[in-house]
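Some notes on the structure that comes next.
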């Protein structure tokens, strides 16, 4: 069901975007986006939502990812030389070989897994290409190459290793109430400190329903869910496993790592704001044990940032939020 909901929602999002938002050719870009989304939602569906013994084949999926990356790189850069192809193969194969070489018990992280995560996320920071496949100011920014890191991490730990990272459904009213309360606190403190740092200023403007739908679908399905699975589901639980099972040390460390992930997008002030947001995402996950709760807060925060604020960067005001921009 999640696979179907994700695919249909993504198709709705793509249909609402103007042609100017698509890189080069609308049809070809849509096909690449659909291919990415199919892999992405399939891995989540069978690795997280459906609790069964189905295990994705390791090197077969690696070949699919290499093929996808190579085709997208060729489409964006109009060429694919041997040097870039070699880098793509290394990017996909090194983490997979590391994971395959150091097996852990069922539903347990291996000590080497933090290296695998750091390697993939580190390469993602540099990005394969500066050109987004989808872009609309203050609404959507999707990089078809660098976001393959999400596919790689999800495949390794959900599809192959079958790491159990707790339920993905909020089934009590108390959990819903707590989620909304923490969402308010997250937005309040991030806004307050952002304004104090002279990094934010209010930018109230007319909101188009179409753009709000695009913004919600993109941020929930393609940013919040992926990042919450990676940071709260994998990194938080990894640190919890190797720090004695306590909650606060993993929460603080994951918060700092989440901030570091965004520091290249806006410097020290971006690190502060992203860390504040990351703390509340981690807090709700710690309190509820539910990734959907943290993904909802993540989405609400992103929407508030993009709809109502201008970020000041190096003395220049830019009408968009890079707090959670998909880089």
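Cβ from N, Cα, C; glycine included.
Unlike curated records, TrEMBL annotations are generated automatically.
According to TrEMBL, the protein carries these features:
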DOMAIN    211-304  domain 'CAAX prenyl protease 2/Lysostaphin resistance protein A-like'
TRANSMEM  6-23  transmembrane segment
TRANSMEM  30-48  transmembrane segment
TRANSMEM  54-72  transmembrane segment
TRANSMEM  84-103  transmembrane segment
TRANSMEM  109-128  transmembrane segment
TRANSMEM  140-160  transmembrane segment
TRANSMEM  180-200  transmembrane segment
TRANSMEM  212-236  transmembrane segment
TRANSMEM  248-267  transmembrane segment
TRANSMEM  279-300  transmembrane segment
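Counting residues 6+ beyond its ends, the transmembrane segment (279-300) has Cβ neighbours under 8 Å at 165-170, 175, 178-179, 182-183, 185-187, 189, 216, 219-220, 223-225, 227-229, 231-233, 236, 247, 251, 254-255, 258, 324 in the same chain. Over the domain 'CAAX prenyl protease 2/Lysostaphin resistance protein A-like' (211-304), the average per-residue pLDDT in this prediction is 90. Residue counts for the domain 'CAAX prenyl protease 2/Lysostaphin resistance protein A-like' (211-304) under DSSP, split into helix (H, G, I), strand (E, B) and coil, are 84 helix, 0 strand, 10 coil. Against the transmembrane segment (30-48), the recorded stretches 6-23, 54-72, 84-103, 212-236 differ in Cβ pairs under 8 Å, and the greatest number is found for 6-23. Counted over residue pairs separated by six or more positions, the transmembrane segment (6-23) shares fewer than 3 Cβ pairs under 8 angstroms with the transmembrane segment (84-103), which leaves the two as not touching. If you count C-beta pairs under 8 angstroms between the transmembrane segment (54-72) and each of 84-103, 140-160, 212-236, the highest count goes to 140-160.
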